[in-house]
Amino acid sequence: MATEAQQPPPLHLAELTAAQFMDIWKHFDADGNGFIEGKELENFFRELEKARRGAGMDPSHAAFKEKMKEFMSKFDKNADGRIEMSELAQILPTEENFLLCFREYVRSSAEFMAAWRKYDTDRSGYIESNELKGFLSDLLKKANRNYDDKKLNEYTKTILLMFDLNGDGKLGLSEMARLLPVQENFLLTFQGIRLSVKEFDSIFTFYDKDGSGYIDEQELDALLKDLCDKNRMDVDSKGLGDYKKSIMALSDGGKLYRTELEIVLCRDSML
């Protein structure tokens, strides 16, 4: 986490490497909540203006506020008054901009979960480097990008560099979901209520009434409602429906097995 004493990474307007992009993101998203907002946003814009003009502007000056307003109207695509990682990727010229490429392929959390199911071929709860190559290969084809095996290896390394937070050479579901726009990342909603294996087993057994080893969409609906009520989460029926649709994209013909739901809800999965 960045502190005020730390100098910000230089905002070169030439092409950034993935590592430079992530250094900038981590510095300005000081509280790690997935947004650059408030004072963070003001600091970022001041440094960006300095990089562009060779001199900074006084944030208290009216011209600064007007420039920042123009900047946000151009880049804050969902108009929520803050910058998320995908929006930053459009501001800074990052090499092989996977974030923007990814948007052309996966536009919702339900599509993301369907892609996850396709490429987590061994149902380990992770997409490992060889599985990630398949994922990126399809992504690049859909985005009409030319590539060879050497480039594909480079792209795989870049994605791991940007999103493999614990450096284990594979991407967990929550790490991969960072590719989604924040408003589509339903995993962030459940971040505060991740269950232990024991808690998860108890809940799954309760809703798997017939002991079949899976639950259906109706049972998942009841499970999610109870989780939200128990944890006093303010989620409307549309939001709950969207979460359910996203999770059911992991299912096998409408059957959501224990291991698949565990990936989403369990904080210390043994998978």
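Every residue, even glycine, has its Cβ placed from backbone N, Cα and C.
As the structure is a computational prediction, the values presented were derived from the model and not from experiment.
So that you can see what the record holds, here are the features copied from TrEMBL:
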type: DOMAIN; residues: 16-51; note: domain 'EF-hand'
type: DOMAIN; residues: 63-98; note: domain 'EF-hand'
type: DOMAIN; residues: 107-142; note: domain 'EF-hand'
type: DOMAIN; residues: 151-186; note: domain 'EF-hand'
type: DOMAIN; residues: 195-230; note: domain 'EF-hand'
DSSP-assigned states of the domain 'EF-hand' (195-230) in counts, ordered helix, strand, coil: 25 helix, 3 strand, 8 coil
Per-state residue totals over the domain 'EF-hand' (16-51) - DSSP helix, strand, coil: 25 helix, 2 strand, 9 coil
